[in-house]
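Okay, structure first, notes after.
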Amino acid sequence: MKISVIGTGYVGLTTAVSFALMGHDVIGIDIDQTKVARLQKGEAGIYEPNLEKELQNMLALGKVSFSSSLEAGILSSRAIFVCVGTPPLPDGSADLSALNQVLSSIKERVKATAGASNVTRVVVIKSTVPVGTNDHIARQFADVPELLVASNPEFLREGSALHDSLHPSRIVLGTEEPQALAILEELYASLVCERVRTTRANAEMIKYGSNAFLATKISFMNELARLSAELGADITEVARGMGLDSRIGPYFLGAGLGYGGSCFPKDTSALSELGAQHGVDMPLLKQVQQVNELQPVWFVEQLKKLLPTLAGLKIALLGLSFKPQTDDMREAASLRLIPLLLREGAVLSAYDPLCNEKVRKLYPDLDFADNPYQALAGADAGVLVTEWEQCVKLDFTRVKSTLRQPFLFDGRNAWDKRAAIDAGLTYMGVGRS
Ligand code: UDX
């Protein structure tokens, strides 16, 4: 099927490449001409495992192309995926200006050619939007009967985005229009997984609910970790014991420096703001956000229990991106931790496999290293901020000999605590001291 994908950011580009891999003919559209030129050359512009390789394969096969002209894609497509960003406004609500602009252009173009072709097309909203937005769009399109509307949220994780798109846990198809549903069913026919055929509003709520629930699990475990630290319990053992209950499940019980990234912080604020706009107080969601904000502050307090004054001490930060396998720094815990440590007077060295240069632009005075051992050389403490494999799988004997003082602070509970202690290091994790 011929489809277009508007917005070639993280979600849009992954969507475009994955539909091409499923055998469809895809046009990716973006107003940013530089980005389009780069994509035409096969450069993804973001780090995501296998994405650039598959982009190049699909370009070579002619299954995907890129354009900055909406016209090019819309009129030849049965499905028009809208994947533009919905970043938070200062009050936390979602900024729909890019989305609205794209939608009015689509309507204009389709209306202008009405009569010439009466092909039914479905506008599929992948962008995360407040509940009710898709129905509002359907009402706006009411005078263009050949334009249908569906909500089809994505649940892909950065670092495994392409894999998640091709092997989804579920496909949510939110539309009240049978023809739109039929087009989407045909598009996804090759993927084996459960379909949730539902209304547009339910689909929107499923997306927010899923992200907010996952964020809640993390904040809950972080709260429990703070208590575990006081009571001498080990949160990783506690999580293992809890997770074996199938009603709880073993995933997203990892205590650490808190969640980051482009989705959880944005979507929890947007959902909470949506509640406020409709007179529904959501105190649990507010606490989830607050626990997350406080986690790095608490972590620094813990660190000061072993190193009461950080002034003049060299602290090595291992991992800077918001999670491993991505070069995305959005809402990364490192960006909350760095100013807190600098305020204490610490001297910072840092290593990240992909993000050194991005962070150097914000903090040019940090000492950036080419590998974890270089960052740890002569440091008074090493802090695991992001659990990149390069930063987790360390030779602790070598770490001990390179550090000035033998302190390790595991912000992700990912280091081998026993091996670190056996090498003569003093280990402190999040709720597992
Ligand atoms: C998330 C959702 O998982 C995905 O379904 C949605 O489409 C977009 O948002 P992503 O932001 O890529 O995906 O990352 P994810 O793997 O979910 O991790 C989010 C954050 O939570 C990271 O900062 C991670 O370090 C943190 N996290 C995750 C924890 O602190 N503990 C855990 O147990 C799991």
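Just so you know, the numbers here start at 1 and follow the chain as drawn.
The backbone N, Cα and C atoms fix where each Cβ goes, and this holds for glycine too.
If you look up TrEMBL, you'll see Asp30, Lys35, Thr86, Thr128, Glu158, Lys266, Arg330 marked as NAD(+) binding site. In the structure as shown, the Cβ atom of Arg330 (NAD(+) binding site) sits within 10 Å of 17 other Cβ atoms.
Every protein chain shown contributes to the tally, and the Cβ of Lys207 (substrate binding site) ends up with 25 other Cβ atoms within 10 Å. Secondary structure at Lys207 (substrate binding site), taken from DSSP and collapsed to helix, strand or coil, is helix. According to TrEMBL, the feature substrate binding site maps to Phe155, Leu156, Arg157, Glu158, Lys207, Phe252, Leu253, Gly254, Ala255, Gly256, Gly260, Lys323.
Sequence annotations record features per position, and here TrEMBL assigns active site, nucleophile to Cys263. Within its own chain, Cys263 (active site, nucleophile) has Thr128, Asn211 as residues 6 or more apart in sequence whose C-beta sits under 8 angstroms from its own.
If you look up TrEMBL, you'll see 316-417 marked as domain 'UDP-glucose/GDP-mannose dehydrogenase C-terminal'.
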Filtered recorded positions, from Phe155, Arg157, Glu158, Cys263, Lys266, whose Cβ is under 6 Å from an atom of ligand 1: Phe155, Arg157, Glu158, Cys263
Candidate binding-site residues Lys207, Leu253, Ala255, Gly260, pick with smallest Cα gap to Glu158 (NAD(+) binding site): Gly260
Cα proximity to Lys207 (substrate binding site), best match among binding-site residues Asp30, Lys35, Lys266, Arg330: Lys266
For Arg330 (NAD(+) binding site), the one of Phe155, Arg157, Leu253, Ala255 that lies nearest, given that the binding-site residues are compared by Cα: Arg157
